[in-house]
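> Before we start, here is the structure in question, set down as structure tokens.
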Amino acid sequence: MLDISIAIDGPAGAGKSTIAKIIGNKLNIMYINTGSMYRAVTLMALKNNIEPYDIESLKALINSMNISFNGNNIIVNGKDLEEDIRMPIINNNVSKYAAVEEVRELLVSMQQNISKKYNVVMDGRDIGTVVLKDAPYKFFITASAEVRAKRRLKELKEKGININFRDVLKEIKERDYIDSNRKVNPLKQSKDAILIDTSNFTIEEVVDKICNIIKKD
């Protein structure tokens, strides 16, 4: 399969990362979780006591980060950060750092450079509208806030993180608001993206639906 790029956008907890990951494996193309990149920046910023408003320090931090992927795991400066970036403290702060214009500009540039070198499936908040505007395949994956909160709660409990449903739902709704209302590249469905509500479908059913659309071409 030559010269293919697939953009998958949607709110937190909709299942887009899991879906994109499986599609990448099925089609044998590179999967890039752009959310992991923002999470990694958030992790490193918190470790270095850099606030979201400290633009110059954030830019210097990002420029010092050598970001790559090993399978589905994000590697920064040679260290696997996949587990660290899934901690609740990152969930609670990532939208603040992701809303910073200069952060988005630097990471979008990295993402676009990757897409020029490889066939990719990327998931995030602004893939179809900004990062891969010309992607031939665009999908917007969503689900109700309650369904997404249940999924996130299950995921966190499986990792041994003890948290209640009400707190997870609150976090999901707060992230939705921040992601949809930020000034720079807000979460929104691209006009040419296919909308898929996953509330009543399994991951496998959604993957099959997307793969069938791609294979028809």
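If you go along the chain as it appears here, the first residue is 1 and each next one adds 1.
The backbone N, Cα and C atoms fix where each Cβ goes, and this holds for glycine too.
Take a look at what Swiss-Prot says about it:
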BINDING   GLY10, PRO11, ALA12, GLY13, ALA14, GLY15, LYS16, SER17, THR18  ATP binding site
> Long-range same-chain neighbours of THR18 (ATP binding site), Cβ under 8 Å, sequence gap at least 6?
ILE203
> Taking the Cβ of GLY10 (ATP binding site) as centre, how many other Cβ atoms lie within 10 Å?
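GLY10 (ATP binding site) is surrounded by 29 other Cβ atoms within 10 Å.
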> Among all the protein chains here, how many other CB atoms are within 10 A of the CB of ALA12 (ATP binding site)?
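Other Cβ atoms within 10 Å of ALA12 (ATP binding site): 25.
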> Neighbourhood of the ATP site (GLY10, PRO11, ALA12, GLY13, ALA14, GLY15, LYS16, SER17, THR18): other residues with Cβ within 8 Å of the Cβ centroid, in order?
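So the extra residues in range turn out to be ILE19, ASP123, ILE141, THR142, ALA143, ARG148, THR198.
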